[in-house]
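As recorded in TrEMBL, the features of this protein are as follows:
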SIGNAL    1-27  signal peptide
ACT_SITE  Asp81  active site, charge relay system
ACT_SITE  His129  active site, charge relay system
ACT_SITE  Ser337  active site, charge relay system
DOMAIN    1000-1277  domain 'Autotransporter'
Amino acid sequence: MTRSPKFKRRAVARAAVCVLGSMLATAAGAQAYPGDPGMIGNPASWRTKEFLADWGLGAMKTEYAYAAGFTGKGVKLGVIDSGFDVRHARELPLTRFTALVTATSNGAYSQFAADGSVLNSNNVGYGFHGTHVSGTVGASRDGQDIKNNMHGVAFNADVFVGNTNAPDALSSGAGLSPQAHPHATTENFRNLYQGMRDAGVRVINNSWGNPERSNFGTLQAVTADYMQYLRGPSWVDAAIDATKPQADGKEGVIQVFAADNQDQANPAARGALPYFRPDVEGHWLTVTGVSQTRTGYQQNSSLNKCGIAKYWCVATPGTSIMSTVFDGAYAAYSGTSMAAPHATGALGIIMERFPYMTNEQALQVLLTTATKLDGTRQAAPDEVIGWGLVNLENAMKGPGQLLKRTVIDMPGGTADTWRNDISETGLVQRKQEEAAEIARLGALVTGPIALDTFKPLGQEAVALLQALRTAMLSGGDYADALAAAKANPLAANTVVLFESYRQLIGPGHPLWAELPPYLVVPVDDIMTAVEDRARTVNVDWERLTHLRSKTDEDYRGSLVKAGAGRLVLTGTNTYSGDTRIQAGELALGEGGTTGSITSHVAIDAGASFAIDRGDAYDFTYNITGAGDLRTTGGTTGEGVTTLSGANSYSGATWVQGGTLRAGSATGLSNASAFTVAGKAKLDLNGFDATIGSLAGAGDVAVGAGTLTTGGNDRSTQFAGRFSGSGGLVKAGAGSFELTGDSGAFTGRTSVAQGMLSVNGTLGGTMAVLSGGRLQGTGTVGSTTVATGGVVAPGNSIGTLHVAGHARFAPGSTFEAELSGTDAQADRLDVSGHATLDGGTVRVLGGYVLGARYTLLNAEGGVSGTFADFSVAKDYLFLSPKLGYTATQVYTEAMRNNVSFASVAQSGNQRAMGANLDGAVAWSPALAAALQLESVPAARAAFDSLSGEVHASAKTALIEDSRFVREAALERLRASAGTAGASTAPVKINDGAGQSHMAAPTTGETVFWSQALHSTGRARGDGNAARLDRSVDGLLMGGDARVGDNVRLGVTGGYSRSKFDVDARSSSGDATTYHLGLYGGTTLGSWALRAGAAYARHDVDTTRQARVAGLADSLKSNHDASTTQVFGEVGYSLAAGDVALEPFANLAHVTLHTDAFSERGTWAALQARSSSANVGLSTLGLRASTAVRLGNVDATLKGMVGWRRAYGDLTPFTSVALPGATGFSDIAGVAVAKNAAVLQLGMDFAFSPRATFGVSYGGQFGGKARDQSVKANLNVSF
C-alpha cells in the first residue's frame, strides 16, 4: 500500500473532501458509452470483452443487474487503501473518483496530491494496491479495445478514495506499528472514516493491512487478536464510530473487510469484530474469496474462511482478478483484498436498485441472496463461505431472508416488487448454535472481572518466582519455594515449564547455570498476561450477556411496511415474525399464482393489505389493525382468497374481483365495512359471519350460513345479489338499501335494527323485529312484523310489494306518508293474505280533502284490524279516519266544523279566512290551508296569503303625491318673494333669444328644476304590518306672468318609489310620471295659489306566501293613477328682518288602481280595480330672513304646520285566492289622520351665477313618519 502525500493544510480534526472533478456519470440502465451493446432486459448483451476481463463480474451475475438498469449510479462508495493513480484517468476518471485527503496525510507513499498531480513513485513499495482495489469497485466501462481492459462492478458509482499512510503490509494492530508507520495513526483513520461519511459515502472498502498474528484457527486465537484493540484507542474505534447513526441524521456506513490470506479457519479480529461487538453487525461485512475451476468455483485454500464471522460474511471472486494498476496499466492479483471490492461494488448496485432501503437493509439483501458455489440457494451460512457467493441476479429480486425486524420505508409515488422466497432459515440455525454457545460460556464464566483484582496476584507471582530462583542458587528450601510458586495461578505455568527443563538437564549439565535467569519475568509481562486473562473472561461474559438478552423475537424475521409507497411480494415467504403495514400498501402477488406469507398482519389506519392472486389461496393468519384489506381475484378475476384467521381489522374490505371466502367463523372481520365490486363475490362458505356493513354491486353467497351486517351504524347501498338458504340480518342504526335482484335467495331476512330499504327483489321470508324498519319500493317475501317493528312502504311515497303473506303483530307499526296535494300515499301490496293482530297505523304528510288513500291492499283478503291510528299532524280544520274493506286498509280526512275565519284575530286574517271558507274543494290554497295544525300557524298563514302589500302600496302613492303640489306652490311663493320661499335664481330668455339667470321674483318667463329624496314609514296597526318606503325623483317646470299680477305655469317629472312590508315577506316599487298646472296672484298682502296634477304609476310587487311548509313565490305588475287638485291662501307680515306668512292649504287626491292577477302557483291572487279619495288640509306659518355667512349671502327659511286628512284613509284591495268563490277586502296601513309638518332650508348665493339650495321636510303623525330632502343647484354659463 502507498502512503499519502505531504502538503500544507490547516490543522483540522476531520477530513476535508477535495473534489478533483465534477460528478459526471451515465444514466443508470443507459449505454455506458456510445455503441455499448448492453441493453435493458438482455443480460447476455452486457458480457463484452471488457466485462469478461474480470471473471468476477460473471461469477456474481452482475450482467443481470446491468440489464435491469442498475450500475451504481448516484451511489457513493469509499475505498481506504493506498490511494489511486490519477494517471488512469480513463478508467478512474476524476469526474467520478475523488481523492479524500486529511490533515494527517504524509507524502512518503502517496499516489496523488491534493491537486490531483502524480507524485514520484520510486519508493511506492506496494502502492499499486489501492489503484487495483479502486478499479474493481468502479472502473469505467468504456469499450476500449485495449489489452486486459476491464470495468468495475459499479461502473457508474461515485468513488471516494482515502490513504492509510502506510503500505498494505502494515500491521493492523492497535497501534499500527507507529515506529514503522508514524502517519498511519488512529487520528488519520478517524479523519478518513468521518470524511467519507460526511461526503455521503455509504460503503467503505477496507482491503488493507496484515494482522499481527497468523494463527486464527480457533476462537481463542481470534479472541487473542481482539485483545489488542482493548488496550487503548485504535483505528477500530474509528471504524466502529463511522457505522453509528450520526448527529446530523445520516445513517452509519457499511464497513467491508477482507478476511485475510493465511489459510485460516477464521478471519482476523477486524473481520470477526461483530462477534465481540454485536452492535456493529448490521454495518459490517467480511469477504472471503473464491477461485475458478473447470467446473465452477471453490473457496481458495490460501484465503481465510468465514468461520465465526459467517453471519456477516460472503464470498466473491478473489484470485487472478484483473484490474487497474500504475501508469494506465492492468494486472491480475489474488487475495481477499481483491475479493472485498467486488462485494463493495455489488452493494452500490443494490443500493441503487433499492433507493428506499437503509444501508443495513441493502447489506441484508446482499447476504441473503448469495448462493452456494454450485448456484443453489444457501439456506443458512456456513463456516467456509458464510452466506455464499454474491449473486446480483437474485439480489435484484429483493431480500432472500429477513434477519431482524425490517422497516421498509417507501415514499409516496414509489412501487416495487420483491420476487424472492423470503425465509428466516439463517435465524433458525443461529438460534440453535447460540443456544449451544450459551451453555458452553455459562460453564466457563460467572461474571465480569475487574482488572485491579489481578494486580496483587501478579505481584505475588513475581515475588514467588524470585524466591524460587534464590532457593535454587543458594541451596535453600527449594521444595517449599516450588510448591508456593505452583500455588499461584499466574506463576504456575512458568514454574511447570521451568521444572520440566530443570529435571531434564539436571545439575552438572552445561545449561544448568542458565536456568535461574529464566525465572526473572518482567513485571510488565506478567501484568499484561494478567490483564489479557481478565479481558478474555470479560469478553466471554459480554458475549454471554448479549446472547442471554436475545428473545425469541430476535430469531424471527418480521416485516414493517412504512411510507406511502406500494410493495409487492410474489415469493413463497416463510418468515415467522409478524407483518405490519404502517402506511401505503403491501400486496401479496401481482395477479398470478404466487405471493404468500406465513405471519399475522397488522394494518395501521390509512394503510392497505392487498391479496392479488388469481388462484385459490388460503390465508390462515390473523389480520388486525385499523387499515384496509383489498382482494382482486388476480389478472383473470377468478382467484379465490380464503380468510381463515381470527380477523379483527376495522378498516374497509374491498372485494374488487374474484371471490373472497370465509374459511372460519372469524375469517370475515366483524369490524370491517365490506364493498363487493360488480363482478366479485363474497362467500360465507357455510359459516355465520358478522361484518360492519355491506356495499357494492357484486354477489354474496350466504349459503347455509347467516350474514349479519350494519353493526358499524353506517348507511350503505348494495346493488348486488344474495344467494343461498341461510339468513340475512340487518343490525346497527344505519340504513341498508338493496337495489339488486336477489329473488333466488330462499333464506330468512331479519331487520333487527336500523332500516332495510328494499328497492329491488329479495326472496325468502322477511321478519321485521323490534327496533327494525322495512321500507322501499321493491319486492320481498312473506313478511312478519313483530312488536316494535316498523313497515313503511316507499322511500318517500311509493309501493312495497310482498310476494306472499303479511302479518302485523300487536305493538307493530305500519307507517305511511301521504302527499298532501293529491291522492298518492305509501302502500303495501300483498299478493297473499294480510293478518292484522293489532298494531298502529301512523300517517305522515298531509291530506287532500275528500281523497281516499289506500294504505294496504291484500289480494287474498284482510283479516283483523289495527289497534291504533295516529296522525303525525294535529289538524285544525280536518278530521282523519282509518277504514277497511275486504281487501284494503285506507284512510281519508273530512272537513270538521272549525271555519277558517273563526280562528282569525285581525280583519285581514278574517277576510282571508272567509275567502278560504268559500273556496271550492280543488283549490290549491285550500289544500295547503287544510294542513294547518295550530291557531298561531293559521293566523300567520292568513297574513302570508293576504297580499297586504297591494293595499299598503296605495298609502305610499297617496303620501308621495305631495311633492308635486309642494314644488308648484313653492315656485309661486318664490315668484312673489313671500316668506319661506326659495331665493335660488331661475333661468330666463331675453328678447334676443339668449338665456341667463335671474332672481326668482323676475317677471320674465322662468324655468326651474328640483331633485328630491324622501324616506318614510308607517307603523303596523295590529292588522296591517309596518310599511317602509322611499322615493327619489326630479321635477321640472316653467311659468310666466300673465297680465299685471297673475303667473301661470306647468310642471312635470319622474320619480321612483320603493316600499317594503318585511313582516309579510313583501316588497314593491312604482315608476311614476307626473304632469301638472299651477297659477297664482297677489292682492296686497294676500296671496292666492292653486293647481292640478296627474300621475301615472307602473307598480311591481314580489312576495312569498308560506302555509304549512309550502311556499309560493308571487309577482305582479299593474297600473295606477293619481289625480289631485290643490289651493292655498297666505297673508304676508313683517317682524323686523323676518318675513312671515300664515297660510291655509287644501288638497284632494284620488288614486285609481287597475285590476290585476299575480303570477305564481297555488297562492296567486286576483285583485279587483279600486279607487280611494283623500282630502288634506294644512294650517301653518312660514318665515324667512336674509343672513351673510362670510362672503356668501344666504337665506334661512322654515315652515311649521298641522295637517288633517279626510276620506279613505285606510286603503283596501279586494282579492281572491285560486278556487275562491268571492273576493275579500284586505286593508293596508292608513294615511296619517293628523300630522305635524315641518320644513327647514337655506339658500347660498356663491356668485351671481351660482346658487345652491337645500331643504328638509318632515311629517310626523301618530303612527307615521315621513322625511324628505330637496336640493337645488343652479349655475349659469
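One-based numbering along the chain as shown.
From the backbone N, Cα and C atoms, a Cβ is placed for every residue, glycine too.
Computed over the domain 'Autotransporter' (1000-1277), the whole-number mean pLDDT of the model equals 90. The distance from the Cα of Asp81 (active site, charge relay system) to the Cα of His129 (active site, charge relay system) comes to 7 Å.
All protein chains shown were included, and the count of other CB atoms within 10 Å of the CB of Asp81 (active site, charge relay system) stands at 29. Secondary structure from DSSP puts Asp81 (active site, charge relay system) in a beta strand. In the three-state DSSP scheme, Ser337 (active site, charge relay system) is classed as helix. Rounded to a whole value, the Cα-Cα separation of His129 (active site, charge relay system) and Ser337 (active site, charge relay system) is 8 Å.
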